[in-house]
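Colleague: So that we are looking at the same thing, I have put the structure below in structure tokens.
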Amino acid sequence: MKQRIYNIVIVLVIVLFMLPAPVSAHAKVLQSVPAANAKLQNSPLEIKIQYSEGFNAELSKIILQDDAGKPITGKLTTGTDQWLIYQIPTLSGGAYTVKYQVLSEDTHVVEGSFTFTVAAVKPTATPVASTQPTDAAAGITTTPSPANTPKVIEPDIIIKSSSILMPVLRVMEVLAVIAAAGFIIFRYGIWSNIYKVEVPPLFSKRNERVLYIAVFVLFLLSGILQAGLLTDQLSGPGTGSFWTLWQKILTDTLVGAASWLRPAAAAVLLLTTLGSRSQGRLAFVIKLSAIFVIILLFPLTGHAYGAVSGVTYAVLSQVLHIGSAAVWFGGLIGILAAIQSRKQSALSYEQLNRLIVRFSAIALPSVIVIALSGVFLALLRLGSWNALLHSEYGRIILAKSAIVLCIWIIAAYHRLVLLPRMKNILQISTADKEQEIPRRFIVNVRTEIILAVAAFVLAGMLSTTPPPEQAVVAAPVYWHVMGESAHMSMRVNFKEDIGQTLQLDVWLPSGMGAPSGVDVQLSHSGEQDITLTVPFRFRTGGTDPYGYEGFDKYTYGAAGRYFTEKGEWKAVITFTDSKGTVHSYEKVITL
């Protein structure tokens, strides 16, 4: 009865934590040129979209359509720093829609769309002399040209949610690899043949085959489903037939290769259980090699491989994280199985104590590696303490950390209290005392196993939850220019939780009215050919009793993530007054 309740609790833990929640794709759109909803004065030469992670160029596409839905033919290329570029011919005036789709290196599809407008070409007049501002920034005055007044955009353009099936599959895969690796470590490592008694029934040859068959079937089905889902998401104009694309995904992508490599490795595990030498050293080495391949494929098809920097360390850390978790979990299951089958296997109390002590010596470094690698991976993806509390990814890490802390407390109680008592019992022959400590030990081990399953489920959820974007944090920026016919100031504040807030103040002679157009362009020193338009929106304006005498003040605001990295940024601010005079200012901002 107790065993049945224990099994029910394990199932409930898995089901509870696997309840699906909406999940977004992991890579994000950092910026686009032109910006979403931008109104351009001239036709762009190309469409550029920058992503937060690397992507598969061969399975990526950009489609440009005019307002009638007619596609504009262009050439797709890629650039450094995760830019996808679509070179296009000169566009006539009108509205255009950009549709994009990429397969990111963490195996998730990112897709979406945005629009921009190209103004009709109009003749421009000759420039007129300008009043020089008192600041070092340049001031230029010309007659007006069509204004570029983009609407508010979200720097991270909204993308399609991932299927709820993906997190469920990932959790099942994590549980499967931990179970298989844990079985191998305990049966052929911790237990080995040092005990001249029968192996616990749970770790019998028959159950080993059943486990490998289950792992094989799971990875085979998940591989087919994942490849099929990706094919369905990536299919469309220019991608060929469904089967051609499906074959391309299997052969040209890591997620496709993993979909057949995992079941192949599981099949190798199954083959090692056949024959008279299935328990020999060579079979053990083959088992370890096959399970290593399965474990390695997890970071290669997840967040670790999709990282912009530190990929090698991220992959290695995740392999150590999963491998150490398998050692620890396999030992827990093996100890519990040995205790429950002690009468059938004739395992003496002394042998059981030696087994527990041996496992304890391995478990301690394993748990330390789990903790250290987990902290490293969390810091790599979070970037700040604020993200730990204000993102779904961070909250899952907090929940997992709380579980690991409970496990550490139980492990400390075992090592400091129970194990010394169990050693002392060896000197006592009373049967009641001999069984008292193991009963307490069983309760604690079962609790650890339940907590471990919960932690593994959370680990699977982490791999299908988008990490928070790492915001640029810098000192506030203030830029002010005073001139005879116009004044200007811009403030930029950087905050981890909401990104950047920008405020632009313009002063024009009283009675002239608000500027007819405001345009702010940013470009990083390392990417001078890429210019980002900041979509300022008018907030308030009119008489400014506390400002400059004879001038009215007009305030514009914007919020988002426009300064995407530190370094030198060139800012160009242009606005046009009601008389048609264009005022332009330029400055290099260092973050």
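Cβ coordinates come from backbone N, Cα and C, glycine included.
Reproduced below are the annotations present in TrEMBL:
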DOMAIN    26-118  domain 'CopC'
DOMAIN    356-462  domain 'Copper resistance protein D'
SIGNAL    1-27  signal peptide
TRANSMEM  168-190  transmembrane segment
TRANSMEM  210-229  transmembrane segment
TRANSMEM  249-272  transmembrane segment
TRANSMEM  284-306  transmembrane segment
TRANSMEM  318-339  transmembrane segment
TRANSMEM  359-382  transmembrane segment
TRANSMEM  402-420  transmembrane segment
TRANSMEM  441-462  transmembrane segment
Colleague: Can you break down the domain 'CopC' (26-118) into helix, strand and coil residue counts using DSSP?
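Modeller: Output for the domain 'CopC' (26-118) reads 0 helix, 59 strand, 34 coil.
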Colleague: Sort out the residues at least 6 away from either end of the transmembrane segment (168-190), same chain, that have Cβ-Cβ distances under 8 Å to it, and list them.
Modeller: 14, 17-18, 20, 199, 203, 208, 211-212, 214-215, 218-219, 222, 225-226, 262, 266, 269, 279, 284, 287-288, 291, 294-295, 298, 322-323, 325-327, 329-331, 333-334, 355, 358-359, 362, 453, 456-457, 459-461, 463-464
Colleague: Over the domain 'CopC' (26-118), what is the model's average pLDDT?
Modeller: 82
